């Protein structure tokens, strides 16, 4: 009788060990299937169809979309256009909300802009704001060359003279207040000139040079010829009308 009871106990123990081993084998095979699937890399829980649903502590959960399909991934760093947002329950990749931003530090602070845009104080611009210049090496807006206000227009002159000519040039200038941070950044023009009419064409008490007299005489002669031709044309027209 005792032998029968002992045999029965051995059978029960063997069955329990077998069930335990089978359960461990199933869990090991399930874990192995996670590891073998590239989608499940770094996951705490994963499925073949939906990918990761929970990530390991230091990784970021990213929901990747491919056409109509979407699946979860666990990444060490977030892809372009996203930033890593850490939270007690699970770290996630959140989308950058800044226009034309390629990578960002937070939802409202960009660290790198898309191609063709310049970074300035966490935002992206196609042209740098006033007072800043584009630095092509880093695609950032840096402090440019700062200049002061324009001066008043100077005296109209020509050949260092303020009389003796009909037309001259007048100039105005401005000063560089702050030099740019890079020598490659050019400053805007600090002097400009424009054509002006002299207030005194003839210098007081001055004598005209022979060249100036000759030029004036030629001009008078040309006007007299033009006037004579005009009068002759009128005379011919009147004569024809009378005939």
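Every residue, even glycine, has its Cβ placed from backbone N, Cα and C.
These features come from Swiss-Prot:
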SIGNAL    1-21  signal peptide
DISULFID  40-46  disulfide bond
DISULFID  43-52  disulfide bond
DISULFID  55-74  disulfide bond
DISULFID  78-93  disulfide bond
REPEAT    90-134  repeat 'FU'
DISULFID  96-104  disulfide bond
DISULFID  101-110  disulfide bond
DISULFID  113-124  disulfide bond
DISULFID  128-141  disulfide bond
DOMAIN    144-204  domain 'TSP type-1'
DISULFID  145-187  disulfide bond
DISULFID  156-163  disulfide bond
CARBOHYD  160  N-linked glycosylation site
DISULFID  196-203  disulfide bond
REGION    204-243  region 'Disordered'
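Location within the structure of each feature annotated in Swiss-Prot.
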| residue | record | DSSP class |
| --- | --- | --- |
| 40 | disulfide bond | helix |
| 52 | disulfide bond | strand |
| 74 | disulfide bond | strand |
| 96 | disulfide bond | coil |
| 101 | disulfide bond | strand |
| 128 | disulfide bond | coil |
| 141 | disulfide bond | strand |
| 203 | disulfide bond | coil |
Q. Mind checking which residues reach the repeat 'FU' (90-134)? Cβ under 8 Å, same chain, six or more beyond either end.
A. 54-55, 58-63, 75, 78-84, 140-146, 180, 185
Q: Note down the number of other Cβ atoms within 10 Å of the Cβ of residue 145 (disulfide bond), including every protein chain shown.
A: 18
(Q) Between the Cα atoms of residue 78 (disulfide bond) and residue 187 (disulfide bond), what distance do you get, rounded to the nearest Å? (A) 40
Q. Over the repeat 'FU' (90-134), what is the model's mean pLDDT?
A. 89
(Q) Can you break down the repeat 'FU' (90-134) into helix, strand and coil residue counts using DSSP? (A) 0 helix, 24 strand, 21 coil
(Q) I want to check the contact list for residue 74 (disulfide bond): same chain, sequence separation of six or more, C-beta distance under 8 angstroms. What comes out? (A) 41, 42, 43, 52, 55, 56, 59, 60, 61, 62
